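Engineer: What follows is a structure written as structure tokens; I'll ask about it next.
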Amino acid sequence: MNAPQKHSAPITVEVALGDRAYEIVIGRDVIASLGERIAKLRPGARTAIVTDRTVAKTWLKRTEEVLDQVGIAHASVIVGEGESSKSYAGLEQVCEALIAAKIERNDLVIALGGGVIGDLAGFSASLLRRGVDFVQVPTSLLAQVDSSVGGKTGINSPQGKNLIGTFHQPVLVLADTAILDTLSPRQFRAGYAEVAKYGALGDEAFFAWLEANHAELFSGGAAREHAVATSCRAKAAIVARDERETGDRALLNLGHTFGHALEAATGFSDRLFHGEGVAIGMVLAAEFSAERGMMPAADAQRLAKHLADVGLPTRLQDIAGFTQEGLADADRLMALMSQDKKVKRGELTFILMEGIGRAVIANKVEPAPVRDFLQRKLAQA
């Protein structure tokens, strides 16, 4: 893979969806162009900024300023932090606030936050007046490389993650890499799991580049922009050919079947961030693949080593409070995975691996080998 170049101008990636195509704009301080871009996209539109309390303290004023500079009217909706806001109560709060702000069909909702805010604001926009357009301004690494791109929106159910939702594409994504400087190390690492996922599922050269350059990526600079842009290009290409996840878009769920079950088992709490669940889930998927003879054991070890090298959890016992609340229970994890969105006619579908950069969709996976695998992993704790 070529070394990243220093960019004096933002990088633009197109999500090619015909008349619903949109741009992902990546670079430092691209948020400064938000007002001008909205004015061109929707002349005369009013806006509502949906964000959480933490992001509001740092970025709401700046966002309001760039809208004020071009005379765009704006309201603000502030919700609590974390997965607990991706709920029926959170959805009601946002929808009622948007209605009270008189946001109409020709107006715009701005999702200013991480993956939770993007999912919640996008879902609310998709329902409001049967569909209002929205803009993603992702403020976490995970959101910039994954959840802000592709149009998946939704909330969680007590029975599982993202079980209630819609496909609703944004009209613009602004990925300001300067915002990532404000993330905690743990938040940044969690987002990095999704970056590594793109290499693991379909681009061995990118994975090797990450192994060699992750320190520079974590410190900022051109490597960070390069990683975000490469990740967005990979996702945009898959979304363009399979928007509704009827085919190979499911590959983007590498690590998510195990990971979502672990998130649900921990109550969608900060005991396990989404990216951390994905990291453990990818390692479990790789190890399960190796046990089935699909993937060299050395590749599974290589994946686990890289994720551990950057400080991500890679084992079930790395989860805080591992033995609490029934987490160390294979039957409970199997029950949670049975609610996975990829399940078809009650049969499990997993994203497994044939090697680094070669993920495959495995349909009709028998539950008994999965349960046995989990029981053995749990016994190692």
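For all residues, glycine too, the Cβ spot is worked out from N, Cα and C.
So Swiss-Prot has the following annotated:
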BINDING   81-86, 115-119, 139-140, Lys152, Lys161  NAD(+) binding site
BINDING   Glu194, His256, His274  Zn(2+) binding site
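Set these features in their place in the structure for me.
Structural biologist: For the recorded site, Lys161 (NAD(+) binding site), the DSSP three-state label reads strand. In the shown protein chains, 25 other C-beta atoms lie within 10 A of the C-beta of Lys161 (NAD(+) binding site).
Listed in sequence order, Val278, Gly281, Ile351 are the same-chain residues at least 6 apart in sequence whose CB falls under 8 Å from the CB of His256 (Zn(2+) binding site). Look at His256 (Zn(2+) binding site): DSSP puts it in a helix.
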Engineer: I want to check the contact list for Glu81 (NAD(+) binding site): same chain, sequence separation of six or more, C-beta distance under 8 angstroms. What comes out?
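Structural biologist: Sequence-distant Cβ neighbours: Asp52, Arg53, Thr54, Val116.
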Engineer: What does the structure give for the C-alpha distance between Lys161 (NAD(+) binding site) and His274 (Zn(2+) binding site)? Integer Å is fine.
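Structural biologist: The Cα atom of Lys161 (NAD(+) binding site) is 10 Å away from the Cα atom of His274 (Zn(2+) binding site).
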Engineer: When you tally the Cβ atoms that lie within 10 Å of each candidate's Cβ, which of the binding-site residues (Ser85, Ser140) has the highest tally?
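Structural biologist: Compared across Ser85, Ser140, the most Cβ atoms within 10 Å surround Ser140.
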Engineer: For Glu194 (Zn(2+) binding site), what is the tally of other C-beta atoms lying within 10 angstroms of its C-beta?
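Structural biologist: Around the Cβ of Glu194 (Zn(2+) binding site), 27 other Cβ atoms lie within 10 Å.
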